[in-house]
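Pulled from TrEMBL, these are the features on record:
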- Asp27: active site (ACT_SITE)
- Asp326: active site (ACT_SITE)
- Asp27: UDP-alpha-D-glucose binding site (BINDING)
- Lys165, Asp189: Mn(2+) binding site (BINDING)
- 398-417: transmembrane segment (TRANSMEM)
Amino acid sequence: MGVVNTALSVMAYDYPIEKLSVYLSDDGGSKLTLFAFMEAARFAAHWLPYCRKNKVVERCPKAHFGSSNPSRFPETDQIKTMYESMRVRVENVIKRGSISHDYITKQGESEALSRWTDGFTPQNHPPVVQVLLENGKDKDVTGHGVPNLVYISREKSTDSPHHFKAGALNVLLRVSATMTNAPVILTLDSDMYSNDPQTPLRALCYLLDPSMDPKLGYVQFPQVFHGINKNDIYGGELRHVFEVHLPGMDGLAGPTHAGSGGFFWRRVFYGCPSETPEMNLDQRVSHSIKSREVLAMAHHVAGCKYENQTKWSRKMGFRYGTLVEDVYTSCLLQGEGWKSIYCNPKRPAFLGKSPINLHDFLNQTMRWSVGLLEVAFSRYSPITFGVRSISLLSGLCFAHYTFWAIWAIPVTIYAFLPQLALLNSASIFPKVCPSMHPLALYY
Ligand SMILES: O=c1ccn([C@@H]2O[C@H](COP(=O)(O)OP(=O)(O)O[C@H]3O[C@H](CO)[C@@H](O)[C@H](O)[C@H]3O)[C@@H](O)[C@H]2O)c(=O)[nH]1
Ligand SMILES: [Mn+2]
């Protein structure tokens, strides 16, 4: 249900509905996720007008109904009942692992779910692109339009590398280009949701400001986490990153992308600022996104062999070769001349989850450490390539991240050595004599 809430929170943005499209990438390739999104599409027809009419601030249904100080409007109980029955249906299906026939109400739905044949596994399956809501055709319960909602499960094959999240993001970039090709893209993780319906307008204030540097490529919002342990013993809030490092980088060429909460000009993924023409803001794809040719093209670009012998990942899209595609890609984008801006409004734009138990924390730390070291020792290491292509200071900022894992060595020594020295009555620091005052101050 988490990702359903993520999608609903951004579908309900205060933004012209005909310009808004939500693309969901399901790397697990599960028909249960598609089913959850069929339910979400039905619920959106009630949820979007409810939010619009009542100017709801919390547009993530779970946060809205679960708030300790919930706002109440005449329809609140009715919408809450609908949300709860959707939740129960989705959770029942997940518990059972199969979708009972009573839950399928539309003809197209069983057809879409029939794509999960016997040989369909998360590691080996054809691409699935399913349009769940189409702007201009589907309407909410008040007759008002709805944003496009598209489910994508890219093709997977055991003999083609999938490149983790970067691979998924590149498929999203291409499928959205064939269907709607909007000039601005927001990346959002499935464990985050929008906490402020005005966020796109905030980002556009920067992206469309004519006084801004034309090389401005993206606006990054911080990740703010909710539901963290009271004392945050694992440091999951990452305050040093979002309150110190990123504002600091903002004074240079701009912050790194944080994987989620970044509004990008689509053109940054097609080359350096001088190579890519300004986006035509009125650019629209004229065909229906459900038309046979558009769907055929969307399936084609979601194929796992599509990128072979193309510039994808080398010159285009998110870059492969590391588990931390966000730091790597943004370092290379800045190397191409793109700039970024940090936007940290008082009301967090996005709220997300961070590990709250040792197992998840170690898992994430391991993944980040390996990913960052992959960048640190790559051909495009910020310490060699970054300092030359961006600037000395920006390169060092990226290097600070990429060598992050190595900090574990001095920190561990510092955690144990003084105590061991005390227990053994050994002295580890030199005795201070008057001539060593500056050194003593340093210690
Ligand atoms: O093979 C993969 C792996 C992950 N994801 C998605 O990537 C997102 C982030 O994954 P998560 O498990 O939440 O990882 P975190 O460690 O919490 O992610 C942080 O670190 C990642 C690597 O730097 C960034 O991409 C994320 O945005 C950032 O929140 C989720 O939406 C996943 O669905 C994929 O689509 N395919
Ligand atoms: Mn996460």
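Note that Cβ sites are derived from N, Cα and C of the backbone, with glycine treated the same way.
Ligand 2 lies within reach of Asp189 from the recorded positions Asp27, Lys165, Asp189, Asp326, judged by a C-beta closer than 6 angstroms to any of its atoms. Distance from the CA of Asp326 (active site) to the CA of Asp189 (Mn(2+) binding site) is 12 Å. According to DSSP, Asp189 (Mn(2+) binding site) sits in a coil region rather than a helix or strand.
For Lys165 (Mn(2+) binding site), the same-chain residues 6+ apart in sequence whose C-beta sits under 8 angstroms from its C-beta are Asp27, Gly259, Phe318, Glu325. Cβ crowding, taken as the number of other Cβ atoms within 10 Å, peaks at Asp326 among the recorded positions Asp27, Asp189, Asp326. Under DSSP, Asp27 (active site) is assigned to coil, being neither helix nor strand in the three-state scheme.
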